[in-house]
């Protein structure tokens, strides 16, 4: 209950007005000069008559009348109308800029997805073409891994071209080597951190190439997609990641697809061996990713370039002896160096380097989920080439197994909070519908009230 005291220092008696509940005080005496200037009485016109709207509101007490309320509202309205265009313009500019950035990021992501899937399809198909004249999978793996040395020089060239800050390659290399610890790179750290990852990297690619000698490109690429399920299982067991029922279902679907793929031609012969090799490649890839997350954590683009180049150096220095051993033991024997299919070999190595660069750059520039989708799209890409060029006929069991594995892969891409986000989204939609319904009711009541005013009906609040 508001109270207003108006006192003219003995000239007139003191009046005390009590406002009714929900009402504003009525003017019952001369206004004191101490009243807030915001609510000073409106100026009197030449004929001594107040604004007609103020008089009506004063008589009726409608909507908490205060002297000069209507004129003040008109002034505020004019000021707000004068200020609104500026704020609306700035708000719209920010919204447009945000939308434009999002659209560019999505379009860039789609382009990266297309390039990632195309490069992975190209690797698989060129390897199979190479096997027709040069069936030495470990030599191909070793030769392609050596090209990872070029990753950091390419990154440094792009860094110099896109930034004003100029650092020497040695300074940038030392800066990026902090991912191995505060002391940076040393011989002990080089052997301790690089050796296991380089061995897992070589083993993953070698098993993948061995599987391509037994199965079609479509089957191998589909089975390799199971590495996502193995990453989840290992992260759940080793890293104690959050348990998610939908990912368990996806892992079961991946295992089901593997069994169906092995059963397609019976559990014998080259088909079963090819499935085992592809699953082994997916398993070592999952172990590589989990160990990387455990010991090195996340890495930015510069650190990833440093790491890949370091693995390339380790491969060139310490693993070069393996191709020589295989050559002299006649496991992988080739003729003179001039007889090697250097075009195919450089094609595979170049595509592999491009694939690694696109994966790491794409994670920085776009959404990581798009990179995973790019790997998945290699399955239909290889299937199209196998059907159109190699005239491969897929059995119903193989098609079903491929579809189950791909569906499980998509389920594994769901974020950890997907259920909470979905419920929140549905709740927001329900709230919006409720608000829209309430606004429609309020608008209809306002229209009804305005029509009643036009007809001369005046609502006087009851005390």
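Glycine too: its Cβ is placed from the backbone N, Cα and C atoms.
Automatic prediction, not curation, is the source of TrEMBL annotations.
Listed features, source TrEMBL:
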REGION    70-91  region 'Disordered'
COMPBIAS  72-82  compositional bias 'Basic and acidic residues'
TRANSMEM  106-127  transmembrane segment
TRANSMEM  134-156  transmembrane segment
TRANSMEM  190-209  transmembrane segment
TRANSMEM  221-239  transmembrane segment
TRANSMEM  245-264  transmembrane segment
TRANSMEM  271-292  transmembrane segment
TRANSMEM  304-328  transmembrane segment
TRANSMEM  340-359  transmembrane segment
TRANSMEM  365-385  transmembrane segment
TRANSMEM  392-414  transmembrane segment
REGION    436-463  region 'Disordered'
Note = Among 134-156, 304-328, 340-359, the stretch with the most Cβ pairs under 8 Å to the transmembrane segment (106-127) is 340-359
Ask   = Which residues, given as numbers and ranges, are at least 6 beyond the ends of the transmembrane segment (245-264) yet have a Cβ under 8 Å from it?
value = 219, 222-223, 225-226, 228-230, 232-233, 271-272, 275-276, 279, 395, 397-398, 400-402, 404-405, 407-409, 411-412, 414, 418
Query = Cβ under 8 Å to the transmembrane segment (190-209), counting only same-chain residues 6 or more beyond its ends: which ones?
reply = 127, 137-138, 140-142, 144-145, 180, 220, 224, 277-278, 280-281, 284-285, 287-288, 291-292, 295-296, 307, 310-311, 314-315, 318-319, 352
Query = Going along the chain, which residues at least six beyond the ends of the transmembrane segment (340-359) come within the CB cut-off of under 8 Å?
reply = 112, 115-116, 119-120, 122-123, 126-127, 129-130, 133-134, 140, 143-144, 146-148, 150-151, 154, 205, 308, 334, 371
Ask   = Counting Cβ pairs under 8 Å that sit 6 or more residues apart, are there three or more between the transmembrane segment (365-385) and the transmembrane segment (271-292)?
value = no
Request  = Mark yes when the transmembrane segment (134-156) and the transmembrane segment (304-328) have three or more Cβ pairs under 8 Å (sequence separation 6 or more) and no when they do not.
outcome  = yes
